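*Asks:* Residues or ranges marked as transmembrane segment in TrEMBL: 25-51, 63-88, 94-122, 143-165, 199-227, 239-261, 273-294. Marked as domain 'G-protein coupled receptors family 1 profile' by TrEMBL: 43-294.
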């Protein structure tokens, strides 16, 4: 690809990729993707609507669930334009500003989701281990502060990435392997040393996802210790049942992330289609499954959704 220069400013265009060698089937491939995006949008909007309109759900647990739904919705919308643009219109070109903006939102919202999952684990810890102080610890003001701190931490840590990428000259192929922009993939196209980006990327992952996952594990260790100390089997099952939805959400987030990391690190011999599918699983499965899991496993949410549909009928 050719780089165009205007004065001292370097301008470049990246080229996104759908399913390589399957371009003639992009119309058919777009059908399941459209269905997934539609389910993600409707599912998360339903969760948000139910929580907003039902006063009985104005509790810390459901506020955190609303944060998770809002994050999943944003993550879905940040990839939707380029993914469907390729499948429907073969719109593969994306300018550097648009690419870096998309990159910022994808990575920021991924870190926000990790933070929200940590906040939800803290909510479950307080509810089970210190139920008498639940309402005094998790006040509305504190919940707002937790939500804002999650967004600020993620945004401030990701903000340097576009500037670190902007300083590079991209003299290699400008073809990206996915239908959206990711930091790891773009920096590999640079001509100069990318050691600073590597180190900073590892630092961001370690102090966000790494710390969050350890604290989530610690919270569930304390929860399990408290549950096993309960007198009756029925009490233990009731306490654990309130955590099942959150445990599913944690697994839906971290398993695809670990799988994608392993594929990137050790899967060079694997077919390209495996890399592409794993990236879509990482970005689309959590937003797709979280509303379904919470609708099925959380009795209050399920009852309110059924009630809403009965009212519409």
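Note that Cβ sites are derived from N, Cα and C of the backbone, with glycine treated the same way.
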*Asks:* Quick test of the contact rule: Cβ under 8 Å, at least six residues beyond the ends. What residues does that give for the transmembrane segment (239-261)?
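*Replies:* Sequence-remote neighbours of the transmembrane segment (239-261) are 68, 113-114, 117, 120-121, 124, 127-128, 209, 213, 216, 220, 223, 226-227, 230, 278-279, 281-282, 285-286, 289-290, 293-294, 297-298.
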*Asks:* With pairs 6 or more apart in sequence, are the transmembrane segment (63-88) and the transmembrane segment (273-294) linked by at least 3 Cβ pairs under 8 Å?
*Replies:* yes
*Asks:* Kindly say whether the transmembrane segment (94-122) and the transmembrane segment (25-51) touch, using the definition of 3 or more Cβ pairs under 8 Å where each pair is 6 or more positions apart.
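*Replies:* The transmembrane segment (25-51) and the transmembrane segment (94-122): touching, no.
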*Asks:* When you scan the chain for residues with a C-beta under 8 Å from the transmembrane segment (273-294), skipping those not six or more beyond its ends, what do you find?
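*Replies:* Result: 19-20, 36, 39-40, 43-44, 46-47, 65, 68-69, 72-73, 75-76, 79, 106, 113, 177-178, 180, 182, 245, 248-249, 252-253, 256-257, 259-260, 263-264, 267, 301.
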